[in-house]
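Undergrad: As listed in TrEMBL for this protein:
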| type | residues | note |
| --- | --- | --- |
| TRANSMEM | 37-62 | transmembrane segment |
| DOMAIN | 53-297 | domain 'G-protein coupled receptors family 1 profile' |
| TRANSMEM | 69-89 | transmembrane segment |
| TRANSMEM | 109-131 | transmembrane segment |
| TRANSMEM | 151-173 | transmembrane segment |
| TRANSMEM | 193-217 | transmembrane segment |
| TRANSMEM | 238-265 | transmembrane segment |
Amino acid sequence: MAIDNNTSNSCYGDQSVTFFYQQVNKTIGGSWTTRDYLVIGLGLPLSAIVVLANLLVMAAILMNRRFHFPIYYLLGNMAAADLFAGLAYTNLIFNTGPWTATLTKKQWYIRGALIDISLTASVANLLAVAVERHQTIITMQLHSTMTKRRVVLLIISIWAIGILMGLVPSLFWNCECDLADCSTVAPLYSRRFLIFWALLNLLTFFIMLGMYSHIFFHVKRQSRHTSQHASEARQQTVINLMKTISMVLGAFVICWTPGLIVLLLDGLQGKEGNANKYEKYCLVIAECNSLVNPIIYSLRDAEMRKTFKWILCCLCRHEGCQPRETLTTEMDSPLKEKILSYKSEDPVLWKNLDRDCKDDKGTDS
């Protein structure tokens, strides 16, 4: 019996959230500061925009049957993860500042788990989209050959990983039994867990960088083995691809690098790193990635843009709308990729067709 009491005391399982904050010299203010107001003032509008933007993406994919393919299912799941991130951040805002002292340990873990789940799922979706784009572009397909069953299993796996990462700190990877290992950013979390989580995200970044680099060099190499006419079309595809890659990687680096640096700094140096001074601002920047994602992956698709306009017009007119299925596909849509692949496979045929079309136009005029 004495052993159980000693174990309980050494693990500090019966202590409050405030106790762990005091161990890392992180103050829970009794009144609102300028930084608290700034975080709320920036965070709430951002969360609202994130939720609405991703709801629009999900509605477009649901209502337009031309989006019922693996890549769009993944985009819809990424929008769901980003939407969840907006809701999780809203919950964090209403449980921060002086309100933190009123939280029980269980409530504090739930607050952190929601953030971990949403952000992990969002990053995992970015990786899944990169894998899908790599498969389709390398094999010159219009859409992935994945079955709906595999897509569903992939989506379930993404959320399982997110939930696992959210539960790990509360279940066993915390500092309740080792106060010296407590993080200053998240005082109940283990510093070793923060290092692991930061390195895992950096590894994900390098994997995506490798995939997109392989896509770029593959398309560039293939363009050298085609006719001049097809090469020009390929060159335009490479330019569009590089724009997307730059936006994806740039957004990831800009939004996640500050937070990852803060986590690594906190994990490696602890109190000496003073990471808690910047953590809230870094979290806001990381949350911006959930807003940038629908812009990059959805608004660059002409079909998606038209569906957005159609949905918004329906909402403004307050009229019933039927599912939109006959939108014209533009240059930057997936159909364009298929046309370019046909041109590369048989450039002579397409060159003759282009000449015939020009001759027909000259005759008509």
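Cβ atoms are placed via backbone N, Cα and C, with glycine included.
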Undergrad: By Cβ distance under 8 Å, which residues at least 6 away from the ends of the transmembrane segment (109-131) in the same chain are close to it?
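TA: 71, 74-75, 77-78, 81-82, 84-85, 87-89, 91-92, 95, 103, 154, 158-159, 161-163, 165-167, 169-170, 186, 188-189, 197, 201, 204, 207-208, 211-212, 248, 252, 256, 283, 286, 289-290, 293, 297.
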Undergrad: Counting only residues 6 or more past its boundaries, what in the same chain has a CB within less than 8 Å of a CB in the transmembrane segment (193-217)?
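TA: Hits for the transmembrane segment (193-217): 116, 123-124, 126-127, 130-131, 133-134, 137-138, 165, 168-169, 173-174, 183, 185-186, 238, 241-242, 245, 248-249, 252-253, 256, 260, 263-264, 266-268.
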